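Enquirer: My questions all concern the structure below.
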Amino acid sequence: MTIIAVLGSANMDLVVRQPRLPEPGETIFGHGFTTVPGGKGLNQAVAAARQGAAVEFLGAVGADAYGAELRALVASEGIRSEGLAESVEPTGTAHISVTDAGENSIVVVSGANATVTALSAEQRATISGAGFLVMQCELPIAVLASAIEVARAAGVFTVLTPAPVVPLPAGFLASVDLVVPNQIEASALTGEADAARAAELLSADTTWAIVTLGAEGAIVAFDGEVLGLAPARPATAVDTTAAGDSFVGALVARLAATDAAVAGSVSPEAMVDAVRWATVAASLTVTRPGATESLPMLAEVAAILG
C-alpha cells in the first residue's frame, strides 16, 4: 500500500466562536470556546487517513497534556507516529476566531513545531519509503528543504501547502511537484491577483499547481498551462477552518489509492480525478465545526461521487 508521509505541524486549536471579527481596539462578546486538535500537518494527516490512506506523521509535540491528547488522536486514526518527536517546548497552539458567517482568522504559536529543525534518521527513512511527501509552512523551511531533497532522491512525489506564506529560498518551489495555495497565498507567491494566471506561473515552476477558491472551486494548472476549473460542491459553510487541509488530504489519498504516482510523476487524468474527490471532501468539511473533527470519512465522499 502506498504510504503518505506528512511532515508538519501539530497544534491544539483554541477556538472562539463570535458574531464577527472585532475592529482594532474593540472588545466584543463571543458565544463559545472549545479546544480541539489541529495544525495544518495533523489536519492533513487525519484527512488522508480518513480517506483510507496509509499515513505516517512526522513532527513534534510537547511533553504536556496537549501533546498527550494529540498523540492519542493520531493513534486512534490509525496513523503511524514513530516520527513524532517529543520536545522540551510546549505543544503548539492555534488561536482561532470563527464568525457566525463561518469565516475564520488564525494566530499560531509554534511551540514544539519550531524545534523540528533537522530530520532524524528514522524520519529520513520514512520519507524515502513513501509514495508521497506532504508538507506545509508551519515548520522551519530548512527542514522542509531537507525533506524535499530526501524525497527527490527516492522518487517520492512532493506536495506543499504554502501556508502561512513565508519567505522561501530561491529555487524552493521548483523542487516541489505540486503546490496547493489558496487565492491569497497564490497572489502573495506570484504577485498576480488573477488566480488563473497565478496558477500558470506556479505550475511553470513546480509542474503542478492547484489554487483553491473556496466556494468557487479550484483551478488546476500543469506545466505552465491551466487545465480547467474544478467546481466546488454547493455547501452551507459553518466553519472553514480545515477546508484547505481536507482538500489536500483527500487529494493525496485519492492519488495514493489509484497508484497515480509513477516514477515521481502524476498524469493529468489522475490529478483531475483526485481534485474531484478533494472538492467533495472540502465541501463536507465546511458544513461542520472544528478542525480534525470536521474531516469526512471515505464512505461519505464515495457516497456522493459513486
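Every residue number used here counts from 1 along the chain in the order it is shown.
Note that Cβ sites are derived from N, Cα and C of the backbone, with glycine treated the same way.
Sequence annotations record features per position, and here TrEMBL assigns domain 'Carbohydrate kinase PfkB' to 2-296. Feature annotation from TrEMBL assigns substrate binding site to Asn11, Met12, Asp13, Gly39, Lys40, Gly41, Leu42, Asn43, Glu138, Asp245. Per TrEMBL, K(+) binding site is recorded for Asp239, Thr241, Thr285, Arg288, Gly290, Ser294. Among the features that TrEMBL reports, active site, proton acceptor is placed at Asp245.
I'm curious about the neighbourhood of these features; can you describe it?
Expert: The number of other CB atoms found within 10 A of the CB of Glu138 (substrate binding site), across every protein chain shown, is 25.
The Cβ of Ser294 (K(+) binding site) lies under 8 Å from the Cβ of Asp239, Thr241, Ala242, Ser246, Thr285, Val286, Arg288, each on the same chain and at least six residues away in sequence.
According to DSSP, Asp245 (active site, proton acceptor) sits within a helical segment.
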Enquirer: Assuming the binding residues for substrate are exactly those in the record, Asn11, Met12, Asp13, Gly39, Lys40, Gly41, Leu42, Asn43, Glu138, Asp245, what is the maximum CA-CA distance in angstrom, rounded?
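Expert: Result: 15 Å between the two most distant Cα atoms.
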Enquirer: Could you give the Cα-Cα distance between Glu138 (substrate binding site) and Asp245 (active site, proton acceptor), in whole Å?
Expert: 13
Enquirer: Cβ distance under 8 Å to Asp13 (substrate binding site), same chain, sequence separation 6 or more: which residues?
Expert: Thr35, Val36, Pro37, Gly38, Gly39, Thr93, Ala94, Ile96, Thr241, Gly290, Ala291
Enquirer: Select the closest residue to Asp245 (active site, proton acceptor) from the following binding-site residues, measuring between CA atoms: Asn11, Lys40, Leu42.
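Expert: That would be Lys40, the closest of Asn11, Lys40, Leu42 to Asp245 (active site, proton acceptor).
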Enquirer: Least buried of the recorded positions Asp239, Asp245, going by other Cβ atoms within 10 Å?
Expert: Asp239
Enquirer: Of all the binding-site residues given, Lys40, Arg288, which has the fewest Cβ neighbours within 10 Å once its own Cβ is left out?
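Expert: Comparing Cβ neighbour counts within 10 Å for the binding-site residues Lys40, Arg288 gives Arg288.
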